[in-house]
Amino acid sequence: MTTATKDLSSHTPMMRQYLTIKAEFPHTLIFYRMGDFYELFFDDAKKASDLLDISLTARGKTGGNAIPMAGVPYHAAENYLAKLVALGESVAICEQIGDPATSKGPVERKVVRVITPGTVSDEALLVDRQDNLIVAIVDNQSPNAKLKTSSAPAFGLAYLDMASGRFVLTEPQTAEQLQAELQRLSPAELLYSESLQDFSLIEQRKGLRRRPEWEFDLDTAISLLNKQFDTKELTGFGVDDKPLGLAAAGCLFQYVKDTQRTALPHIRAIVCESANKGVVLDAATRRNLELTQNLHGGLDNTLAAILDKSSTPMGSRLLKRWLHFPLRDLTVLNNRQNTVSDIIALDLIAPIQPLLKGLGDIERIVSRIALGSARPRDFARLRHALQQLPELQNELKSGLTESPTNYLATIAQQSQPMPQLEGLLVHAIVENPPVLIRDGGVIAPGYNNELDVLRDLSDGATEFLAQLEQREKERTGIHSLKVGYNRVHGFFIEMSRTAAVDVPDDYIRRQTLKNNERFITEELKQHEEKVLSAQSKFLALEKSLYQELFDKVLPDLAQLQQLSQAIAELDVLTTFAERALALNYVKPSLVEEPGISIDAGRHVVVEQMTNDAFIANPVLLTEQRKMLIITGPNMGGKSTYMRQTALIVLLAHIGCYVPADNATIGLVDRIFTRIGASDDLASGRSTFMVEMTETANILHNATDKSLVLLDEIGRGTSTYDGLSLAWACAEMLALKTKAFTLFATHYFELTLLAGQISTLANVHLDAMEHDDNIVFMHAVQEGAASKSFGLQVAQLAGVPKTVIKRAKQRLSELEQQQTPSILPAPIQNDAFEQLSFAPEEHSVVTTLIDTDINELSPRQALDLLFSLKEQL
């Protein structure tokens, strides 16, 4: 802090206290509790004033300069905290823990928790239908000898969902995989090792936190995690052979412990997430398919926007996780599909969805209970959720059988009622509790005898005061007399100043107002002491009982977490069933054998956005027909056709029904898309460079089990360069990689490849022309397109007629010119064994580089020259 002096003696005692606390949190905003406000000082105040648009004032002086100060009301702090967290700031909450009445100096204060973007659990600070993750990464170039390697994996990554307790590690093999993971997780906060070699991988991420190298120590991480999970080794979690992932997990967990300053009982395990368990989606594919975010950064017109009709927030979050991590496990996928079928067949959608809506967000409520930050209404919501479970079980009974393959039975078993916990919460919490415990009125009557006695004494004050007022009116004859109370002066008897002349001698003046006088009697004073003492004891006891309630719920934590997971999964599968019926989806057949066969497939999003009937189209990719060259006019539907194929394949790999009349989907290992591009100005890359980078990633990483979508490869450069690149890419994918490929192009020359490569076929989207008007048919047909209709599309776009006319003239001239054949000789498979985007050196060049001409005789030099000439 630039404005604080090292010598604290010149400051007031309170400011010395503040500066001491601030020194522990130099990079964190301090919310310093003073009465009914949280105050910020010095640079914190200036920063908060700018970010929150609050007034910047001053308090006292230091070194002759006024101390900047800004503050927010205690009761409205959550709104300001939410804004700061959304902006990536961390805030330390410093509370008064001492009693102002007994404090000789400043009231004792301490930081009770640190709120960071990735560790928040408060309901008001979270988006309810979106995961909020904190991630830690380390690379294999760490100075730590146990982490430093020259081979894959290249990175260790761990992530934690504080609001659910999900703790996961993985080890990305390459920088591309790391970027894909970060895009999938979209962390609110990212911890990274100070030794990270390539900062450009994360520099555009928000919530960056640089951590010292020692926090990634492997031995410390293992010890820390064993202690948390109460184990002697981590073998049972399947992570003991993941040193980089464990190092990242250790750093992350220590950071969370330091910020939360409390036990973390809801973090009960760590899971290893392996890429080979799922369908790999790189960053470009996630973006191009618009899974949860559209190309403009919004949420509209995405796959999630169409599918997510979940009844609970936790179901919505799980659905999005499934979209970003499609699986290759046929057992899991068939379980999901069969459960969707059961829900439809048993007509469970209508009765189940209203019950699910009443369950709320059990997952995050349980997390807040584990962290000790749950509010009274969290307990009330949990109670309400538990009260719905018996009826939910009754509805599921029709789907329960003894068959071990009935996954619906498994879900039902994991969501059994919890009558004891339900009974505890019914007994302990009033029907409609207040927001906070501080004002009391949370614990239900009958829960604790001592509390009931104090409550009766406190509540009886009103009746006593009414009786006293009536007696005093009769005794004094002053009928305007009133008995009242306020927090400053306590109980009093109030009357007009005129009437006060005739008060009895036992009336003691307590306060004089402009028109009234206030008095107290010995009887009223004794009652005041008794009532205030009862109220104080009542509040203290109620807070104590409330804290004990946390401890009583904790033994059920594991079952509650299992319950929340089961309910979330049931919610997603019920949503899949509802969407299947509402949108006319079918159950795809998932098979091990490679291939994609789709009858009358439709685009999930586009068919919901268009007012016209969507034209359904087939897709057939087999071992004998691995690549489709797709031609046709702009706006003809090529990109839509390719995207809908990828989305149908992806939906099948999350266990969802698909928009088609029939579909058989073989398991794929990766989905790649190279569709559309724009300049990456932040990295200084042109559109063509972005296109080639994405293409290179596909050519290096696709396999014969991958689905590849390529749209207009080579369009960003000259015609011949672009055509040559497109041609070579198509040949490599067809002959060497042998991936299932949809290759859209305007280079009609590529259709000639079908005559050379037996596994390649041409399809096209046609259009009809009538009187210079064009009608797009949007129907996929076998064979190559007859023309591109580029001029007609330009005319539709409003290009001036004079330009269109001149273009037609020039087109006619070009078509009449003699164009030499560009069809090369058939290529052999082994031509791609050493394919690289770097130019290969000719053997002549290699020989010349390796030859020392000073050592050659004239005869040897002449022989070498003849030899080199023969190689040309």
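Just so it is clear, glycine is given a Cβ too, placed from its N, Cα and C backbone atoms.
Features as listed in Swiss-Prot:
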- Gly632, Pro633, Asn634, Met635, Gly636, Gly637, Lys638, Ser639: ATP binding site (BINDING)
Determine the minimum-neighbour residue: among Gly632, Pro633, listed as binding-site residues, which Cβ has the fewest other Cβ atoms within 10 angstroms?
Pro633
Kindly assign Asn634 (ATP binding site) to one of the three DSSP-derived states: helix, strand or coil.
coil
What's the number of neighbouring CB atoms sitting within 10 A of the CB on Ser639 (ATP binding site)?
20
Other than Gly632, Pro633, Asn634, Met635, Gly636, Gly637, Lys638, Ser639 themselves, what residues in this chain have Cβ atoms within 8 Å of the centroid of the ATP site's Cβ atoms?
Leu765, Phe776
Would you mind checking how many other C-beta atoms are within 10 angstroms of the C-beta on Met635 (ATP binding site)?
18
Inside 10 Å of the Cβ of Gly636 (ATP binding site), count up the other Cβ atoms and send me the figure.
26
Cβ neighbour count within 10 Å of Asn634 (ATP binding site):
19
